[in-house]
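Going by TrEMBL, these are the annotated features:
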DOMAIN    A:16-102  domain 'RING-CH-type'
TRANSMEM  A:125-149  transmembrane segment
TRANSMEM  A:174-192  transmembrane segment
TRANSMEM  A:204-228  transmembrane segment
TRANSMEM  A:248-265  transmembrane segment
TRANSMEM  A:459-481  transmembrane segment
TRANSMEM  A:518-537  transmembrane segment
Amino acid sequence: MPEPVLKWNLSRPPTIDDLRNLECFVCREEETRDPSASTSHDTTAVTRKWVHPCSCSLVAHESCLLHWIARAPQNVSSATPVPVNRSAASRCPQCRTKYVIESENPLILKVMEWTDGICNRLGRVVTVSSIVGLGVGAGSGLYALFTIYGEHAAQMFLGTEAYQLLLSTNYNKWPWHAYINVPLIPVLLLLSRSESMNTTLNSLYLIPLSLSANLGAPAMIAPGGVAGNLAQGIETGDLDWLFDWPPHPLWIATLLPVIRTLYFAGREQILNKILGTPEKTDFDAPGGAAPQVVLPPPGDIPAGVHPQVANANAAAVDARRRRRAGVVRRMLWDLEGFHARVDVVQADGARPRPDRAAQARARQAQAQVLAAAGGAVGGNVRVQAAGPVNVNGAANAAQENANPEGDADPNAEEEIHVHVVDVVDGHGIDHEDLQAGEAAADAEDINTIRVTGNSLGRLIGGALIMPTVARIAGALLYRIARRLPGGFLARFLGLHGRPYPPGFGIRSLDPVYWRNTVGLGLWLVATDCASLLHLYLRKRELQSRRIQSRSFAGMDLDSLDLVIPSS
Amino acid sequence: MGSISTRRLAKELRELSLECPTGIKILSANDFHTWRLSIEVMGDSLYQGQVFALQFIFDAQYPIASPEVTFVSDEHYKAPIHPHVYSNGHICASILGTEWSPILSVAAVCVTMQSMLASCKKLERPPDNDRYVRHAPKSPKNTRFVYDDDTV
């Protein structure tokens, strides 16, 4: 601008709206605002909101800055977009002014985040103690350790009486299969938590089933001295046990999978409704962005670096993906403001490329496109496409753009396949772009989910504590039922004595298993509700973030390229 | 068309081809994934007359994620001998890790590397060079460096 610089002539300090040339310090895109000639360098950027959040001359698109704040590479240790106050990028990189960010952040969300933090810390403790425990166990007999836990779990869940009936506290009376089944209980519980659906209750019901001998033949009641039978007290051909209240464990074990399936279908619906998150888009996309567990060899893990569950490219699809998807699914709901990624792979990209060197070569022609990053906050873009798409035009344009000398990359001439790996909406799912800073060097690592020491501990601890939770919840229900007038709950829980005399097996005992089942069921529903609420609040917080713009008061106004209003 | 990362890299490349900082030249930049630039320390320094090459690898998250920057160490170029540069080319510099910010750019990183070399007092490798190089991950971004020296 060769013209003489006009002085700012208004009494108020100039603001972001008074700047003529804006350049976003994140994406480096420019916008020119000239009242006389309303031209713009970049038509796509016209509608995006600009902010001047600090005390220096830096300005940025609000969406760019929010993206940076939510997932600065410094925050790699966190699995989710960090709360603003913990973001390393919450200050201006130049003048260190703290950004003022407003968002809907109710007290309950803060409490939940805090609780989450505590659980994470507990998880770490569990991880460490599990490792120590396993170490000790390996020496003194993992088997004994597992057996002891199995006994404990069974007693917790069934109550002492039923445990005595079905098994025995005397090892000598154990049937041979109890020596296999009991130590398997902790393993079972752990597996039940890592599947895509929480099958904890089902697994707990495998306890009485597995403890009892002669499951399928009610007539063959175990002779005295040997552990009792779950089906004891049921005559062959007699069906009245089906109408028992509380329901017989065998009956519950039969019905649970049905109930669970219905429950999870309902929960999925609610989840999708609340979060607006498309189901399975990201992992079931054609071309397979399959989640894959990549565990570095133990010796190679530097301190503080965790095993990673990586979302691999088509090349790395392997048989484990479906099972692993479960692990990922649970963590998937961690929110991100936006996430849209298109992988452009060379025509031969579909063939498996097991070695990294080859992958690196392939990447020569591969452009990873992060689309719609800015404007999509809160938007609901959902694109799904696959198969050969000719993006030569775009790729070439980009290449030429980059290379004014015309030194175009020969690879760009080739036919290119586009795998839309996942284009998830504004409520996005991916969560590990967060640590792109650390892991994204390899294409296969771009979408990485970490199993941290914390989350592993939470998984193990959460699984192993389930029988105890069931016991406590059951005991709580028992107390409530005793005090509740009307006795409805007491009848429901079967606290009024059983119609069967001793000798009818579990039918004649105080149905501890039943109130524990109900209690644990309620607990699981309650935790689901809580985590749903947590996700919803977090999503709302993330979407409602707005950065407060400051005026340029206190700055050398002559250094700014201002649009001076003609007075 | 184009993502934020490619648009931004295209712009940086445009600016670099118009005017490179002194001592810095583009060796190759044929795509938006890998660039190589040569750097030379101007003026008086321990590296007088030596030319090094920096390799930048970008991912789709650039500039939110830092680029992976290493000194090239092959038959043509050698990594400079410097207390913060490992013999495999990995660089221990906070701006490439925790201190990265999108306000930085390829040019800014190159200039910072130049001044890091220029201020070097003694030609030596990092004390743990051998051990590190033996176990180093392929990408220095998978290393957690401890930045202990604020003078650079």
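Just so you know, glycine gets a Cβ as well, placed from its N, Cα and C.
In TrEMBL, annotation is done automatically, which means it is predicted and not curated.
Owing to the predicted nature of the structure, the values given are computational and were not obtained by experimental measurement.
Fewer than three CB pairs closer than 8 A are found between the transmembrane segment (A:174-192) and the transmembrane segment (A:518-537), and contact between the two stretches is not assigned (pairs 6 or more residues apart). Residues 179, 182-187, 453-454, 456-458, 460-461, 464 of the same chain sit 6 or more residues outside the transmembrane segment (A:125-149) yet have a Cβ under 8 Å from a Cβ within it. If one looks beyond the transmembrane segment (A:459-481) by at least 6 residues along the same chain, the residues whose Cβ comes under 8 Å of a Cβ in the stretch are 122-123, 126-127, 130, 149, 152-154, 156-157, 186, 189-190, 192-194, 200, 204, 487, 489-490, 492-493, 495, 512, 515-520, 522-523.
Mean model confidence of the domain 'RING-CH-type' (A:16-102) amounts to 75 (pLDDT, 0 to 100 scale).
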